[in-house]
């Protein structure tokens, strides 16, 4: 019995009245590493949670299944700048300013009080002495001779600085009264906000959001491979290195490896920089260096399951270098493959052999003389580098700017320069092809590396010394179980 296919339904909501304090109260709401959302039959991988842009701020994720069995993934997000216009948000900002002002006033009062109290303590013995002499003079006026009178005047003069201290005490007392009134008003405003928002139990809400995230992930598991229908605007991560190079994260699914690798240049390079996280890569910090035993050629490298796969300089040999052990695990010749700028992409750069990975494994894109310079796709066994299957696409490699694999389909760009678009797709599952028209913005006008990461579902590119990401939109279908 055939299994029916259901197009994924689409729900994308916009929350216009989400305040800034809510995002602070629920920080865990932003953190999904690339979220798949169905939209009008298409599934879009949203990575704004990892690489946010000023226009994006995804907050709450949920999933459900309707009565017909369709998987519905919902994303609720604040519209741009809407939070800033929320009157409650403005109230809270004003309250925070008042609290800060009150805190500063209290600190100042405390400082002055401690200083003045110390002065009073220092003059305490002098005040007692004056008090004794005054009592003596009062009880026996004849005992107050000119010398004693002068001593009393001198001591009273020493006490005169206490007068401004006492005046300051009066001022501080009035200030304390004003602070007390501010605190009372602040309490009233907070009570009003509490009554207005009392319907929300934020601990419970946070728990519900976590459950919804789990349901969304479950929904995402049903979203498998799909057909590329769109590429987002570029997201520039960093500007570093020369005009040519490559950078990547591990493409193995699943993987919790967050390291980032950077390989500058395309000619006889051996130095690979390994960063602990994307944030470290962006800042250029916390990295270690790997010195490869053999130099590389081109920029078509890929990291798969903790190992770097690259083309050995001036050869058609593929090398598998293991980062943890810092050793070559295996190397194998790609039989008949051109090298040393025999069949490069249109930009040159010894890009004869392009290694890549997708949801279905490890691939090599190259060409041979018997294939008359047309692109050849070979699926490789990751451990031995043995060729498992090969396809001749019939597309001339020198006419391609770059290429990448998504779901066993090779997508080819028509140029590495400005105005480039994805205009050819070869489907290995059916050994068929079609011409496409998928534009994308080549922001820095010279792409020397473009690879798809199936774990994050984004395109990594090296564009004229800039490391850039693109989100992708995939048209997807799911199969219902039990039919």
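The backbone N, Cα and C atoms fix where each Cβ goes, and this holds for glycine too.
Bear in mind that TrEMBL entries carry predicted annotations, made automatically and left uncurated.
Copied over from TrEMBL:
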type	residues	note
SIGNAL	1-16	signal peptide
COILED	166-196	coiled coil
DOMAIN	224-476	domain 'Olfactomedin-like'
DISULFID	225-407	disulfide bond
Suppose we draw a 10 Å sphere around the Cβ of residue 407 (disulfide bond). How many other Cβ atoms does it contain, all chains included?
19
Would you mind checking how many other C-beta atoms are within 10 angstroms of the C-beta on residue 225 (disulfide bond)?
16
Could you tell me the mean pLDDT over the domain 'Olfactomedin-like' (224-476), as a whole number?
95
